[in-house]
Amino acid sequence: MLFPNAETRHYVRHLHSNFKNAGFRAKELKDLLWKAARASTTREFDDAMDKLRKTNQHAYDWLKEKNPTHWSMSHFSIWSHSDMLVNNLSESFNKMILEARGKPILTMMETIRTKIMLLIVKKKEEADKWEGFLCPKIKKKLDVNMKDLLRCVPSHAGGDKYQVECGPGNQHVVDLVQNSCSCRNWDITGIPCIYALAVIHIKDVFPKSYIQTWYTKGPKQWAYVSNMLLILPPPLRRPPGRPTKERRKELHEPQTTKRLSKRGVEMRCSKCKRIGHNKRSYKGEVGQNIPVKRHQVGVRTQQQATSSQQEGTPTQQGGPTQLPTALTQIPTTPTHQKAALRQKLPLRRKSTTTTIRWMPSTQESSMTDH
């Protein structure tokens, strides 16, 4: 809504992830998807899609609903001069600003500005060590394209246009004024393709003038001031906490975590020693939920009665055994009567009066001892 003229592209790796979630997991289908994404012309795109339709009609119908201007090079505009199909640039930027993302807005913007300043200075120091005027990666691409010039035969087609043939059925038209080729690789990337290099080679022109300026070291735009003090970046402050350093991975990606997984491990409560919960969710009694048996005076338990029956009566054992009279005459009161008496007792309150106890003096105690 805010930038209606801005070009929107989709990350092809995420597109392929949704492609697999839809049920199309075969490697052949994956290769056809990427072939359609890397196609630079509409003819190559149509051929890849037609082959996908013959391989799997349902996969073709699913991919046909996606607008190719968002994910195929054949439908990209030539104004951005970028053939990127992945989101690695944004992933790298998000990792760089990971420290600043959790800060307030002003602090976050200042931290990002500082990091970009340091990055520009670092890249400038690296560019000063380059040999030549081209970036190393761009020079490597040109060297690869220059090796295949022998099989390309250019011919003048009128004006500044040339027709280049690099094999049967492989013909393209190159326009040196518009810096364009019918293969659209030069238009999209800004780097001369093999067909454009063949024309540049026969014209004996150095390819520097046909490469976009952002691929070169570039001239120095600022005048050097001798009496100016050095501008140093502000000191970096380590934020509190432990920020996340790895991006969230999908389910099919390998998880590189150092923590051991607790999947399949049975929890055991440290209080009741049972399996299935821990001490935080424990709601029972201590001691394995076993109720404590209280001993009652005068009431014989079942275990004592059983043991006395096994030992037998004194007459059965042979000798007369008599217990002390005092012990045999102790009356036993039922437990329920004791509970009733205990409930009827009045509540004892703590006395507030102070009792003074007389203690004999030292002289009186000595006289009493004599």
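Each residue, glycine too, has its Cβ placed from N, Cα and C.
What TrEMBL lists as compositional bias 'Basic and acidic residues' is 243-256. Under the heading compositional bias 'Low complexity', TrEMBL lists 306-325. Taken from TrEMBL, the feature compositional bias 'Polar residues' applies to 326-336, 352-370. Per TrEMBL, compositional bias 'Basic residues' is recorded for 339-351. As annotated by TrEMBL, domain 'SWIM-type' applies to 162-204. What TrEMBL records for 235-264, 295-370 is region 'Disordered'.
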Arithmetic mean of per-residue pLDDT over the domain 'SWIM-type' (162-204): 86
Intrachain neighbours beyond the region 'Disordered' (235-264), with Cβ under 8 angstroms and 6 or more residues off its ends: 17, 20, 91, 94-95, 98-99, 102-103, 111, 114
Secondary structure tally of the region 'Disordered' (235-264) (DSSP, helix then strand then coil): 0 helix, 0 strand, 30 coil
Per-state residue totals over the domain 'SWIM-type' (162-204) - DSSP helix, strand, coil: 14 helix, 11 strand, 18 coil
